[in-house]
Amino acid sequence: MLTAFLLFFPVAAALLLHFAKGNAARVMALGAALVEFAVAVFAAITAASGMTPGNSEAAYSSFAVNIPWIASAGINFHIGMDGLSLLLVLLTTFLVPLIILASFRHDYPNASAFYALILFMQTGLIGVFVSLDAFLFYFFWEVALIPIYFLAGVWGSERRIAVTFKFFLYTIIGSLFMLAAFVYLYFQTGANGGVRSSDIAAFYNLTLSAGEQAWLFWLIFIAFAVKMPIFPFHTWQPDTYTESPVPATMLLSGIMLKMGIYGTLRWLLPVVPLGTSQWGKLVMILAVIGIIYGAIIAIRQQDMKRLIAYSSLSHVGLMAAGVFSLNMMGLQGAVIQMLAHGVNVVGMFFIGDIIQRRTGTRQIAELGGLTKHTPLLSVSFLVLLLGTVALPLTNGFVGEFLLLAGVYKYNMWLGAVAGVTIILAAVYLLRMFQRVMLGPETSLTSTIQDLTGSELAVLVPLIVLVFWIGLFPNTFLQISEPAVLQILTLMGKQ
Amino acid sequence: MTSIILLSVLGIVNLFFGFLKSNKILLPAAMVILALVFGVNLIDWNTDAQSYFNNMLTIDSYSVAFTGIVVLTTLLLIPFSQKYVREGQENLAEYYSLLLFSLVGAIMMVSYNNLLMLFVGIEILSVSMYVVAGSDKRNVRSNEAALKYFLMGSFATGILLFGIALVYGATGTFQLTDINAGIVNPANASLQPMLYLGMLLMFIGISFKVSAAPFHYWTPDVYEGTPTFFTAFMSTVVKTAGFAAFFKLLIAAFNAAQGFWVPTIMAITVLTLLIGNVGAVAQNSVKRMLAYSSISHAGYLFIALVAVNAKLSANAIFFYSLAYSVATVASFAVLKLVSDQRQREDYAGFNGLAKTNPLLAFVMTVAMLSLAGIPLTGGFFGKFFTFGAAIDRGYIGLVVFAVIMSMVSIYYYLRPIIAMYMQPAEDETAEPIAVSGFQSAVLVLLALLTVVLGVLPGLFSEVFK
């Protein structure tokens with residue numbers, strides 16, 4: 001029942017938000033998001049206390065809800081959480097209140113609708129992470145798209161219409177391929193006179209020929225690849241990140257991107273293992289191209305938001321590569337990096353937003369010398385940035401280390417090329433830091449204010465997590481380990 | 001049967017209301033009549049099938065279900081004729097009565113058991129439509145629409161009748177089940193060419209009525225010229241009745257000749273999907289876009305016909321028709337309110353609607369998302385069930401094509417949403433649109449129905465056991 005509450009509470013709050021206006025709306029939204037986070041933490045503690053050595057499933061069994069949805073067709077409202085889902089639910093519920101809090105400085109017109117959409121989006125995201133039925137998964141997958149489309153399209157900057165239109169078309173076309181694959185799989189479950197079912201277990205139990213899996217793989221993969229995005233399905237991403245309002249960008253990069261990786265782990269690898277081994281190498285190469293490509297373009301960026309967008313593209317490539325390395329280290333690395341990247345990228349976009357709001361520009365060339373006036377801002381920025389660069393003891397290090405080790409284990413040369421990402425990330429991020437925060441002041445930056453209380457309230461939890469994940473990664477790794485192990489077992493890799 | 005009698009009698013009574021000095025009584029009267037018919041119709045639900053007129057008409061769950069859709073659609077649509085009431089249109093009572101009579105035709109189309117009844121039903125429905133298409137007498141486009149529709153429609157009817165005659169010649173009967181028996185009867189083997197030709201001509205006739213390609217060419221012009229309120233009626237009631245009739249014909253009468261007609265229908269399906277969706281992309285008027293979109297939805301419904309599965313297809317057609325009708329009524333209702341006040345039917349006419357009329361914008365958005373087949377709305381499960389029925393028979397190529405076409409459709413269904421939410425209002429359109437409280441309530445109901453269909457599809461997906 002906890003899962004059901006986590007799923008439906010945000011949308012219920014979103015509906016209530018309709019009666020609030022302006023300031024009251026955002027305070028209510030923040031309250032609802034905090035309640036949601038508290039419940040998620042409670043769920044995590046319940047699971048941890050129920051955990052006995054060697055038996056992780058018992059801890060999570062109480063999270064499952066399974067009731068008929070379209071009974072005649074064998075489609076159930078089946079939700080539940082294992083360690084993997086739990087981590088992503090925690091990430092979502094942790095980031096959403098911060099994202100709401102981060103938007104307090106902006107006066108968005110029609111605030112109640114704005115915050116209602118964010119909460120609605122939260123339901124969609126959590127739905128994706130807890131669905132254990134293919135059609136339910138698809139349902140929430142699309143539900144998450146609708147609010148972000150409006151958030152970006154209505155409150156975005158000048159070129160928002162063309163950009164969000166492209167984003168919507170790309171992602172929905174991708175997901176329609178996935179739907180076609182799911183419908184096919186669904187009918188296969190009833191192929192030999194059996195009962196049709198879209199339950200995840202039924203999909204896992206299918207025996208599909210290698211030929212079928214070869215094309216099913218692409219149908220499903222494209223949906224996830226667009227969402228992540230993996231090169232060459234990424235072309236919507238930098239524009240959408242840049243043109244969206246900051247909270248939407250944070251949602252997109254911090255959480256929505258993880259939908260793609262989560263989907264790959266849960267709905268692609270174990271369902272079509274033969275297809276995955278057949279095409280995995282190609283995907284790895286694409287992912288590694290994406291790593292280098294994103295990083296090189298990031299170096300050339302003049303706009304802070306665009307730079308972070310391209311750096312995100314580069315980092316997600318590494319996560320994808322880790323997933324397709326199909327070994328314990330790669331998968332665990334992807335899981336921990338999902339959390340780390342979520343924390344870092346949300347923080348970076350927030351700092352970019354603070355700087356833009358104070359100085360009126362995001363152009364790196366027009367900024368400089370911020371450190372003198374803003375010690376708190378500089379330190380926060382530096383911590384998040386070093387986390388992204390993967391400095392040891394920060395969250396990024398744990399993830400990138402495991403990921404690179406995983407990729408290296410899969411193929412030495414790919415691992416070596418992917419490793420360049422750390423160097424390139426240091427190049428573009430440290431350069432940005434140097435040009436924005438150090439050096440001579442400009443007319444725009446000489447009167448800049450340091451962080452306010454509410455901004456600190458956003459950044460401090462993020463910074464805490466940067467170190468928490470960096471110093472005690474096992475807190476999180478042990479939650480996901482059984483789930484990851486199960487995925488590998490299903491694929492016959494363990 | 002009671003619903004047919006009620007509609008006929010009350011339709012005549014309604015004509016007498018026209019003698020009253022005030023128009024105000026007409027709308028409530030028509031709504032009461034429709035609500036009454038809707039309730040009475042449900043009494044026959046799940047009872048034994050009843051036959052009338054020597055078994056020419058059968059009232060069973062199938063006919064009750066589809067009668068329910070057409071009556072409900074009309075009931076939900078009629079509040080948006082308020083403008084005619086206010087303007088004191090002199091012939092208003094007649095128009096309402098025509099709608100009631102046309103429903104008699106629609107009910108006959110969904111409960112026929114004999115080709116002659118099908119023909120009579122189609123004619124009753126069509127003749128009313130010819131009249132209402134031209135009801136805006138002072139408008140050249142409306143006159144053109146009526147004439148075009150009438151001429152084309154008469155040809156189509158002639159072709160249909162010719163087809164019925166040939167089928168009769170080949171099988172010796174008008175009764176659906178007897179036709180099926182006649183097809184498999186070896187004594188009729190030499191008459192097969194005549195049968196096939198007859199079937200083909202019948203398909204052409206009915207395809208014309210449901211605006212399936214390549215017999216769709218009248219649709220955009222007629223829809224555009226016809227007053228919006230009646231266009232909405234045409235694109236929902238006529239289509240629903242047409243498909244229910246078509247499916248019954250295929251499954252009950254021509255089941256034995258599947259080898260001949262499945263490829264034929266499949267060709268129509270592909271063509272209809274292509275022309276409907278690609279045509280809609282090119283439009284600049286929302287009304288014409290909706291006309292092409294209605295062609296494309298005929299294509300999706302055809303997929304259920306191709307699947308030819310007594311249970312799956314019937315359920316899919318029922319669900320799809322319901323979801324499609326609700327969303328279409330909502331979109332035409334909003335279009336009518338917008339175009340009445342802003343005097344334009346293009347996308348720009350919707351600019352900034354979210355600011356001035358959030359409710360209208362929201363309902364229109366829900367309707368567009370449903371027509372596009374996005375989850376959370378009925379349209380998604382409509383497509384899901386029709387595609388599922390086809391995949392069940394192994395028509396994967398067809399479904400992939402349909403999926404690609406529905407990707408195309410997202411392009412044009414998003415355009416009104418973009419106009420409403422993301423474009424600023426132009427000066428002349430910045431005024432809020434006047435919507436009565438009652439109309440708002442109906443719009444909310446339509447949006448709610450669409451969402452209920454999308455979230456709890458199980459309530460409606462299994463009506464035929």
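Including glycine, each Cβ sits where the backbone N, Cα and C put it.
Sequence annotations record features per position, and here TrEMBL assigns transmembrane segment to A:32-51, A:85-104, A:136-155, A:167-187, A:215-236, A:248-269, A:281-300, A:307-328, A:334-355, A:376-398, A:410-430, A:451-471 (among others). Under the heading domain 'NADH:ubiquinone oxidoreductase chain 4 N-terminal', TrEMBL lists A:66-126. According to TrEMBL, the domain 'NADH:quinone oxidoreductase/Mrp antiporter transmembrane' annotation covers A:132-421.
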Give the nonlocal contacts of the transmembrane segment (A:334-355) in its own chain as ranges (CB under 8 Å, at least six residues past its ends).
84, 87-88, 91, 95, 98-99, 102, 246, 249-250, 253-255, 257-258, 261-262, 265, 304-305, 308, 312, 315-316, 318-320, 322-323, 362, 367, 370, 377, 380-381, 384-385, 387-388, 395-396, 398-400, 402-403, 436, 451, 455, 458-459, 462-463, 465-466, 469, 473, 476-477, 480, 484
Composition by DSSP (helix, strand, coil) of residues within the domain 'NADH:ubiquinone oxidoreductase chain 4 N-terminal' (A:66-126)
42 helix, 10 strand, 9 coil
Between the stretches A:85-104, A:136-155, A:167-187, A:215-236, which one has more Cβ pairs under 8 Å with the transmembrane segment (A:451-471) than any other?
A:85-104
In the same chain, which residue numbers or ranges, 6 or more beyond the ends of the transmembrane segment (A:85-104), come under 8 angstroms Cβ to Cβ?
6, 10, 26, 29-30, 33-34, 36-37, 39-41, 43-44, 47, 60, 114-115, 118-119, 122, 125-126, 129-130, 245-247, 250-251, 254-255, 258, 262, 335, 338-339, 342-343, 346, 350, 353, 454-455, 457-458, 461-462, 465, 476, 479-480, 483
Long-range CB partners for the transmembrane segment (A:248-269) (under 8 A, at least six residues beyond its ends), listed in sequence order, are 84, 88, 91-92, 95-96, 99, 102, 118, 121, 125, 128-129, 134, 137, 141, 144, 148, 151-152, 155-156, 200, 203, 217, 220-221, 223-230, 240-242, 276, 305, 308-309, 312, 316, 319-320, 323, 326, 331, 334-335, 338, 341-343, 345-346, 349-350, 484, 487, 490-491
Model confidence over the domain 'NADH:ubiquinone oxidoreductase chain 4 N-terminal' (A:66-126), averaged pLDDT:
89
